[in-house]
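Have a look at the structure below before the remarks.
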Amino acid sequence: MKEVGIVGYGSDLPKYRIKAEDIAGAWGKDAQAIKRGLVVNEKSVPGPDEDTATIAVQSARRALSRAGINPKDIGAVYVGSESHPYAVKPTSGIVAEACGVSPDFTAADLEFACKAGTAGIQMCMGLVGSEMMEYAMAVGADTAQGAPGDALEYTAAAGGAAFIIGAKKEEFIAKFNGTYSYTTDTPDFWRREHEHYPKHGGRFTGEPAYFKHVLNGAKGMMEKMGTTSKDYDYCVFHQPNGKFYLTAAKKLGFTEEQYKYGLLTPYLGNTYSGAVPLGLSNILDHAKADDRIFVVSYGSGAGSDAFDITVTDRISEVVDKEITTEKLLEQKKYVDYAVYLKYRGKIRM
């Protein structure tokens, strides 16, 4: 199988934010205790004209801009999300049409809770590495929902990132050294058809779910590559909240210098399928040639995908071709709880 790498990437975030204090105030909760417990200060809120498709399209267009390739050369488009706008009508087709990819390509919408985006990256790696196509695109994006008053309401956010995978070494922004996955049947978080909001197992979502899969996924990747945390310059993990992320990073031996760029949850919330892709995009925005990145996603149900990535010198040529994730984070406008309820369609008659 041929070596494959990232040849283009892009991200997108809504500009609206709501502070933890506004949510807590509406429910008579202690905002400071919640912020300390979750390590989340505020989260993104999609506007009334934003959904997973619009976020995916904008991310994909930015990825194409950085890649500098003809969109017609892309042979596959995958969009991973648990908040696709339609139950029956592919988001991937919308993205491809908006980006000028169609009609000569294959597409699919993916679901695996919060790791659907990284599952798409693995599929693209296989298709390009086997020489079935020249390029493939994977997007991870979500506009997540939490029931009013539930703990998820402080974290369920919106955002996404796209990655174009290719096999021409001279086009690599970053090279994949390897990937590894760890998957079980663990019912920590779920939502049935026709239900508006997901249910979760509370504390059960920690040790037997998130930590078991992220830590085993990470250890499996390191064993496969013969590495330790000291061999990497940066890392990013799935981040349902800041506390879980920091705990996982420290258990694996990573330092603040290694994990700081991947950690976006305190300022953004949990963007679900977009969480690890956004963290990786922010790392790439700050990385330099030969930096090595360790990536582990997590999707409830449950599974983790891990990646070992090395950045190339081409990164310096493409970063400034599009807006960075950090700049998107800085472009924000706060809304109160009433506007948040309106924008998220939570006021039901």
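Backbone N, Cα and C atoms are what each Cβ position is placed from, and that goes for glycine too.
Per Swiss-Prot, these features apply:
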BINDING   Asp30, Ala31, Cys114, Thr155, Thr205, His238, Asn270, Ser300  (3S)-3-hydroxy-3-methylglutaryl-CoA binding site
ACT_SITE  Glu82  active site, proton donor/acceptor
ACT_SITE  Cys114  active site, acyl-thioester intermediate
BINDING   Arg203, Lys243  CoA binding site
ACT_SITE  His238  active site, proton donor/acceptor
Cβ-Cβ neighbours of Asn270 ((3S)-3-hydroxy-3-methylglutaryl-CoA binding site) (radius 10 Å): 30
Alpha-carbon distance [Ala31 ((3S)-3-hydroxy-3-methylglutaryl-CoA binding site); Lys243 (CoA binding site)] in Å: 16
Largest tally of Cβ atoms lying within 10 Å of a Cβ, found at which of the recorded positions Asp30, Glu82: Glu82
Binding-site residues compared (His238, Lys243) - highest count of Cβ atoms within 10 Å: His238
(3S)-3-hydroxy-3-methylglutaryl-CoA site span - longest C-alpha distance across Asp30, Ala31, Cys114, Thr155, Thr205, His238, Asn270, Ser300, in Å: 28
Tertiary neighbours of Thr155 ((3S)-3-hydroxy-3-methylglutaryl-CoA binding site) (same chain, Cβ under 8 Å, six or more apart): Leu38, Val40, Lys43, Gly146, Pro240, Asn241, Thr265, Gly269, Asn270
Thr205 ((3S)-3-hydroxy-3-methylglutaryl-CoA binding site) in three-state DSSP notation: helix
Those binding-site residues listed as Thr205, Ser300, and which of them has the most Cβ atoms within 10 Å of its own Cβ: Ser300
Most crowded position, judged by CB atoms within 10 A, among Ala31, Cys114 as binding-site residues: Cys114
